[in-house]
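*Asks:* The structure is given below, and queries will be raised subsequently.
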């Protein structure tokens, strides 16, 4: 066990950081008064319920739980709990407040309880590497960004040996409960742990908390994942700044790639906040079966129309996962992986004859720098490293080539200069917004209540988020109800399905209704930095409010 000295020195904090530490967070009113937990109807699964039932015989079908007011507390306040918690996966603003919420619940409702933080993600559970979290240890991290209180990791508890290590740690620390703070993969893992512990009759219960800036872990009961609000506001501030720069110089097109490996939620939200000239949404590209040339032509068409209006500048938003949405690119990558696994690339290019005609055509269409990247950048398994392809730079080069053609045809007479940006890591550890700070604190407090009542295999759920905080609802949703199965290595594996951008959903429909106007008229919005007081300080994301029907 580590010595409980906090890793942060609040003495060197900025005035804003110091004021955030002392910021008192409101709680949903149900958590401020005596409550009891009521159960909902039996649950099913997001897909293939029969297979999920086989994989989770002890948990499948369990009802969701809801906290409702009561005349007196139904839980034993004298029960001293031992709770462990772990941060899993990439950072997201607000994680420290989930921890603060769990700690404060135990202080308020189960005095004398102990809270352990496992260091470095799930590996900390397997190695029994932990720190006891005290009021003094937690204090400098309240309302602060980052995961550095205990740090995170991407290990998974998957093999029988690893499950045994987790069981040993739970037994050694005599844990009543474990909270897994993570995204879709981490919460799938949390459910497997809960099932394993229950099958062995261990007393350790497991509760998940929904974390990911990508915004792709959500459902009716879990309206948003924490961190999305803050990350989008950080990116939108920077996009707004770039827009004013574009307008000021009048000569650059800024191509901005935004984090989000699968879903395009961040790109869509930032578009709604800032009104760029062009926004590519991966899910729409996939639905329309667009080729890379179609995407390029769309961008070039807008640039030409803007040039006719005298605008030789603009801002273009691109989701990080765009490549994954274009089937022809996926086919090319699959063919390259196969060829390069068996052949040496000869300089004469004879290896290209092994590509299908469609893939060869696409390969020749790509800029030389991207061709080289596809050939040379391999992961340890020998596969093309798609994540390393700088899509924004690739598109700039392809747009340049197409505009040159149009110049020669006489249909484009202006000058084009592209500037590339990637906004990613900047958004993962910022000071959480008032929304994320409060939402995370409530998620943590709810996780404490669910464990105190003996629940397991649920994800902490805070709803009615369009209303004032006092009216937010609090409960837990069966993790198995979010699950489907995927076939991997001939076996069914449980997965929480990522929530993708819905083209029939309110956020996309609003964007689609405005994008033509944004393309040709400069409707730029500069949201400015995140506010903690005054105008806009308590505003939730456009995506959340549109999905909840709280705004038109």
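Residue numbering: from 1, along the chain as shown.
Note: Cβ is positioned from N, Cα and C throughout, glycine not excepted.
Remember, it's a predicted structure, so these values are computed and weren't measured experimentally.
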*Asks:* Let me know which member of 320, 328, 364 Swiss-Prot also records as binding substrate at the site of 212, 213, 214, 251, 252, 259, 260, 261, 425, 426, 427, 428.
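*Replies:* Among 320, 328, 364, only 320 appears alongside 212, 213, 214, 251, 252, 259, 260, 261, 425, 426, 427, 428 as substrate-binding in Swiss-Prot.
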*Asks:* Among the recorded positions 211, 428, point out the residue whose Cβ has the most other Cβ atoms within 10 Å, with all shown protein chains included in the count.
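*Replies:* Its Cβ has the most other Cβ atoms within 10 Å: 211.
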*Asks:* I want to verify one value. Collapsing DSSP to three states, which class is residue 426 (substrate binding site)?
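*Replies:* The residue in question, residue 426 (substrate binding site), is helix (DSSP, three-state).
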*Asks:* Would you count the other C-beta atoms found within 10 angstroms of the C-beta of residue 212 (substrate binding site) for me?
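*Replies:* The answer is 28.
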*Asks:* Measure between the Cα atoms of every pair in 212, 213, 214, 251, 252, 259, 260, 261, 320, 425, 426, 427, 428, the residues the record assigns to substrate, and report the largest value in Å, rounded to a whole number.
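*Replies:* The span, Cα to Cα at its widest, is 36 Å.
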*Asks:* Should any of the recorded positions 211, 212, 252, 260, 320 have a Cα within 10 Å of the Cα of residue 184 (Mg(2+) binding site), which are they?
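*Replies:* Among 211, 212, 252, 260, 320, the ones whose Cα sits within 10 Å of that of residue 184 (Mg(2+) binding site) are 211, 212.
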*Asks:* Return the residue, from the listed recorded positions 184, 185, 214, 320, 426, with the maximum count of other C-beta atoms within 10 angstroms of its C-beta.
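*Replies:* The residue with the most neighbouring Cβ atoms within 10 Å is 214.
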*Asks:* Between residue 428 (substrate binding site) and residue 185 (site 'Important for catalytic activity and substrate specificity'), find the distance joining the two CA atoms and give it rounded to the nearest Å.
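*Replies:* The separation of the Cα atoms works out to 18 Å.
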*Asks:* Could you tell me which of these binding-site residues, 90, 260, has the greatest number of Cβ atoms within 10 Å of its own Cβ?
*Replies:* 260
